[in-house]
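Below is one structure, written out as C-alpha cells; the observations come after it.
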Amino acid sequence: MDPALLREREAFKRRAMATPTVEKKAKTESSFTAPKDIKKPRPASAAPKIDASNYKTMSGSSQYRFGVLAKIVKHMRTRHQEGDDHPLTLDEILDETNQLDIGSSVKAWLQGEALRNNPKIEFTPDGRYLFKSVFKIKDGKSLMRLLKQHDLKGLGGVLLDDVQESLPHCDKVLKNRASEIIFITRPNDKKKILFYNDRTANFQVDEDFQKLWRAVTVDAMDDAKIDEYLEKQGIRSMQDHGPKKPLLPKRKKLANKKRQFKKPRDNEHLADVLETYEDNTLTQSNAVQEIKQNN
C-alpha cells in the first residue's frame, strides 16, 4: 500500500478524534396517556349552532325574511287557484301560514315594504292583501272572452302557465272548453300556448292539394330562390305578396327652359276703342299741320 495514503489516513483519524461531537439522546415516551373521553375545548370564535327556535327569532337575517315572504306569496297563489278570492290582513296571512312567531321587525318589513312592492301581491284600500294574477279571469266565460279578444286584436295566444296561475280550478275549466281552444307547443321552450278556435275560419281542403303542399320542401330555400323557381314555372302571381320595401318618391327634374316674359293682358276688352282713338288722334294731328302750312 502506498505510504502516502497511510499517512493521510492516520492524519484524518487524529483530526476526527480531536473534533468534539454532541450526542442526541432519544426521547423517552411518557407512560401517562390522556383518557379518550376528554374533549378538546372549542375556540372562542366558533359560532354556536342555530336550532329551529333560535333561527325563527333571528329578525336580522335577510335569508329568513325572504323565506317568510316566499311562503306568503306561495300561499296566496294557492288560495287564488282554489277559488278563495277574498282579501286577508297580515295577521290572517301569518296565521294561515303558521308564522305568528316572527319578530316585530320582520312584520314591520312585510307590512311596510315587502308585500306592497311585491308584483304578485295586490294591496287593497282597506289595508288587506290579495294575490295579483296575470289575467283577471274567474271562469270559463271570462277565459273565452280573453282568447277572443287576443284573436280579434291579433295579439296571438296566451301562455298556459299564465292561465293556470290566474284561473281558479283551471284543469276543470280547460277540460270543459277543450273543443273551443287550440293547444300549440312552442318549439323553443316546449311551453303550451292557448288560441281561440274560430270555427268560422274552418274550411275543407282538397286532398290532392294537401299532398302537393306536403311534398314541397322549402326549408333550405330563401326568397330569392323561391322567386326564381316560380318564374321558371311561369308563375307570377306571388310577386305582389310578401313585405314590400317602401319606395322613395322620385324627384322631378327641372327642365332648363328660358323664361318668357308675358305681356300684360290688361285692357284687352278695350282693344277696339284704343284703335279708334289712335286713328282719330293721327287724323287731327295731320289736319293741324296742314292748317299751319297754309297760314
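Each Cβ is built from the backbone N, Cα and C atoms, and glycine gets one as well.
Predicted, not measured: the structure shown is a model, and the values here were computed from it.
The annotation compositional bias 'Basic and acidic residues' is assigned in TrEMBL to 1-13 (among others).
The feature compositional bias 'Basic and acidic residues' is assigned by TrEMBL to 234-243 (among others).
The compositional bias 'Basic residues' annotation in TrEMBL covers 247-262.
Across the domain 'TFIIE beta' (57-138), DSSP assigns 38 helix, 7 strand, 37 coil. Here TrEMBL flags 57-138 as domain 'TFIIE beta'.
Annotation comment: TrEMBL describes 1-48 (among others) as region 'Disordered'.
According to TrEMBL, the feature region 'Disordered' maps to 234-270 (among others).
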- Sequence-distant residues near the compositional bias 'Basic and acidic residues' (1-13) by C-beta distance (under 8 Å, 6 or more away from its ends) are none
